Each structure stands twice: as C-alpha cells, then as structure tokens.
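K.L.:
Before we start, here is the structure in question, set down as structure tokens.
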Amino acid sequence: MTKNSSTVFTHARIATLEEKAANLGLIEEAALVVKDARIVYAGPENKLPDEYASFEKIDCGNRLITPGLIDCHTHLVHAGNRAHEFELRLQGATYEEVARAGGGIVSSVRNLRAASEDDLVRETLPRLDALIAEGVTTVEVKSGYGLDRDSEIKSLKAARRLGEERDVAIRTTFLGAHALPPEMNGDKAAYIDRVINDMLPAIAEQGLADAVDGFCEGIAFLPDEIARVFDAAKAHDIPVKLHADQLSNLHGAALAASYGALSADHLEYTDADGAAAMASAGTVAVLLPGAYYFIRETQKPPVEAFRAAGTKMALATDNNPGTSPLTSLLLTMNMGATLFRMTVEECIAGVTREAARALGILDQTGTLEIGKDADLAIWDIERPAELVYRIGFNPLWKRVFKGQI
C-alpha cells in the first residue's frame, strides 16, 4: 500500500470501539475502507458502497480488526538498565540501600546525561520495535531522566526522532518534576524554580512537549510543588497529566482533576473522592499493572470505585528501567485482567479508545470511525478475549499505520 492508496479490507470482523457501542462495537462479516490514510467506511460488507469497488482489496480471512494499540504511558527513552539492582533486591536489599550504593533513579540520570541523542535513539529503537511488533501505532514517551535543561531537551528530541525512524506516532511528555537531581542537595523549591523558569520555557519554545507531567509522592514532589509546575504548564497552554497516588494517598488524583488533567496514572492509593473528581473532570485513570507487579505492590487501584464514578480507565506498560521494564501491551492487558480484575472489554478499550483519550487524541485515533487515522491492528484470532487471555503469544497478522501496512 502506498501513502495515498485506497484499500478495502474485506471478509473481516471489526471491533470499532465506538463510545456507546456494546461488545466492543463488534461487526461480523464486515469491511473497512481506507483512503488517503483515513477510514472512510467501517461496516457490514454487504452494505459496502459501489464507489469502493475499484479499490485494492485485502482479504482478511475472517480475522479481527481493532484500532492500532496505543501505549499511553512510557519512559521509553532511557540509557542503560538496572538489572543489577533487580538482582540486589532479589537478595533482600531495600530501595534505600540500592540508592545509597549509587543505584535507583540517580543511576538512570547519570546514564542519560552521559549519552548522546544518537545513543538514546539507537538504544530505544529495539524497545519501540517490540511494541510495534504487537500492533502498537501510537506511543507516549516521557522525559524525566535528564533533570536539567539540556538533558531533558535531548530526551524529548530523541523521542521525537523515534517517529522519524519508524512508522509510529510519538507523543512527548515533559517530566521535569520526576525526581530531585543530586546536585540540588535536597532543595526542592529551587529545583522547581528551574523546572518552571528554565526547562519549561525552552521546551515550550521548541514545541517539544505535547503534555507536562509530574510525580506527586512523598519520595518525589508534594501537591503544592506539583501545582506550581501545572500553573506554569497552563501558562504555556500545554495540557498536564500526573503520576499520582502510587505509594500513598496525597490526593494526587484530585489535584490532577482540579487542573483538568488528561490523565492521572498509577492510582493504587486513590480513594473514592479522587475517582469521582477524575470522572467529573474527564481525567482518565491510566493503570500500570507492570509496575504493580514488578515492585510487588499489594494495594490495587480502586477499579470498582472508578466504575462506580464513571471514570474512564486506560492501561499502559510504564516501560522504564527501574520499576517496569515491560515492552508488551498484550501482557499488560492480561495483567490488567488477572491482577486488577478488569474485564476483557475494559482491557481492550484501555489500550485503544481510552488510551487515545488519555493523550488527548481521541478525535484522531483510538476507534475505527469515519474520518479517523487508518491505524489498525489485524489479529489472527477467533474472539477478542484471546488478546487478553494469552500470555507470551502474539497473534498479530498485519499492522496498518496511517493506511500503510
């Protein structure tokens, strides 16, 4: 298929993921038409308009078409790994002991600062390729391991380059308020000053951030410190999102909602009031079962409270070197179901429609509706539940990005 090709996918089953449709919007004996990288028809094959008769045809053999998958929370750009720390923790070392030995996020900061932009792109591409191989068409990538202006800019530029190296959409997020760098000697107020007066203006001027994020936690930054960052982001007209309530309830979910955040992420310790605030604000709950699993957390996010409040839920890998070295959205869906008791429908919507909502791009992608980008994943499966049920098996038949296979 060429960039401006016109193609009909025939003999398919289609899960449109439309907002109000039941059963994932599943249409049997369906066809989907792509023209100029957009979806122009998705519906019963026997109602296919005659105007598409001359288009190139691809027989899907009764396979299932879903929207291309979206990984809406990653720290994909990083240098090195922390496998040695993993071994130390298995031997009983605490996080504090690892940090005192020069590990933890400090080691990731040290590695990233030492790497060139080219190094970062080269090291990140295999992780990105692993996601693409599972039908992922959009990936969010955060900075946050540089923690100074030049290194944060380097990270975001490397992330943007990933979208030039591969057929994938990249959404970049500035996460300067991720941790306190060692050179600040514990002075969080002075560091937040740097984030809002030095880093953010330079990043905004270069148009490098689609969103601004922060880590609201006792080991990172408190709500009043995050609020300063969010006020600055709003002044630059950049939407916000937040790592919230992962290790304790600092009411980060409610803070995110008060700023109309695109999403609040992690949320293991969020309470019912936080869930309700998010629902009212339209803030998506991005759940990250990979991190929950990897750090052996026991407090589950309040899925029932999110359901009761009507809070939208997404799933993501949270790929990062310290707490979730995960590059599989398929496994993430299984974890969402088995660990968090999410339904099949919630899991699949969580890596398509709701993931798009969490990035503020639901008008472009995330469902198979007329006018949206032709980002598709075609699966050799009999029923949608297989995407969530299987572990370590990839049933992807074809991946289509903006109309191109």
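Heads up, residue numbers simply count up from 1 along the chain you see.
Cβ coordinates are placed from backbone N, Cα and C, and glycine is handled just like the others.
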K.L.:
According to Swiss-Prot, His73, His75, Asp318 bind Zn(2+); which of His236, His243 is also listed for that site?
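P.N.:
It is His243, as the record lists it for that site.
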K.L.:
Name the residue, out of Tyr41, Tyr52, Tyr145, that Swiss-Prot lists for the same N-formimidoyl-L-glutamate site as Asn320, Gly322, please.
P.N.:
Tyr145
K.L.:
Which of Arg63, Arg82, Arg390, Arg399 shares the 4-imidazolone-5-propanoate site with Tyr145, His178, Gln246, Thr323 per Swiss-Prot?
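P.N.:
Looking at Arg63, Arg82, Arg390, Arg399, the one Swiss-Prot places in the 4-imidazolone-5-propanoate site next to Tyr145, His178, Gln246, Thr323 is Arg82.
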K.L.:
Measure from the Cβ of Tyr145 (4-imidazolone-5-propanoate binding site) and count the other Cβ atoms within 10 Å, all protein chains considered.
P.N.:
29
K.L.:
Among the binding-site residues listed here (Arg82, His178, Asn320, Gly322), which has the Cα closest to the Cα of His243 (Zn(2+) binding site)?
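P.N.:
That would be His178, nearest by Cα distance.
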K.L.:
Near His73 (Zn(2+) binding site), which residues of its chain come within a Cβ-Cβ distance under 8 Å, counting only those 6 or more away in sequence?
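P.N.:
Within the chain, His73 (Zn(2+) binding site) has Cβ neighbours under 8 Å at Glu140, Lys142, Ser263, Asp265, Val286, Leu288, Ala316, Thr317, Asp318, Ala358.
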K.L.:
Quick one: pull the CA-CA distance for Arg82 (4-imidazolone-5-propanoate binding site) versus His75 (Zn(2+) binding site), whole Å only.
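P.N.:
That comes out at 14 Å between the alpha carbons.
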